């Protein structure tokens, strides 16, 4: 059976299929983890420890070697994406209630959902698109985008916008596994290869555990809002990214369009933030479902828009 091949045909499938299976388990057999106990309970409820290992391996996979062009391009895109998410947090924090929108088609939209969906780029999607429509240096910019992975930047944005307060040690705890992995990976190429190969492997495991925190009813309730959020991510982050790429990064805007997506890893952010800041716990489940939908929407639309943009503005693809 070509199970992996079938999963790969679904945008973000490696993350979203196990997430959906976990949500199925949580909806119809919510006590399975406690009932089975032992290793099965660990797989079902182990989101945080599995993610900790994943962040460590992600850090180990990043090589501290890049050209000036690559650093300039990636720096411009990453800073623009984070700055945009911060502005959105400031605006949303002013107008949205603390527990998010409760009624209507946009029920579930909260500051946490908006920031989590917007502050992290799908690096793999970006690299694939820029390999096709850009230069090798532009494609290589995804390396710095890996620094967005995890809850750290979301914590910084929520803290800087005055929406949440985090104890200093929580910032250290959020980034420490990543930094240890990064250090070891750059000290020894063999360790980088060993741990770096585990990044993709661990995704289905933390996705399944994460899915076990979601009820399918929540996914159905937030369907339209999730689609809206995905489109909003492309428009709200895409426009500043295009402008920054053209006028600061020296590109033609294609890289900006390619970076206007939600990363699969962002699906885990609401739960991680709620684990450190309990005031977000009431909106975490809905935010997780919304971000998951946003990942699908941006994974489908961003490649299409990037291709159209490159055809219109890139000489070699005109």
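From the backbone N, Cα and C atoms, a Cβ is placed for every residue, glycine too.
Sequence annotations record features per position, and here Swiss-Prot assigns transmembrane segment to 10-30, 42-62, 76-96, 105-125, 139-159, 162-182, 199-219, 224-244, 263-283, 289-309 based on sequence analysis.
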How about long-range neighbours of the transmembrane segment (263-283): same chain, 6 or more residues beyond its ends, C-beta under 8 Å? 12, 14-16, 19, 47-48, 51, 98-100, 108, 110, 112-113, 116-117, 119-123, 148-151, 154-155, 158, 164-166, 170, 174, 203, 206-207, 210, 213, 291-292, 294-295
Quick one: do the transmembrane segment (10-30) and the transmembrane segment (162-182) reach 3+ CB pairs under 8 Å, ignoring pairs fewer than 6 apart in sequence? no
Verify whether three or more Cβ pairs under 8 angstroms connect the transmembrane segment (105-125) with the transmembrane segment (42-62), leaving out any pair fewer than 6 apart in sequence. no
By Cβ distance under 8 Å, which residues at least 6 away from the ends of the transmembrane segment (76-96) in the same chain are close to it? 109-111, 114-115, 118-121, 141, 144-145, 147-148, 153, 156-158, 160-163, 236-237, 240-241, 244-245, 248-249, 255-256, 259
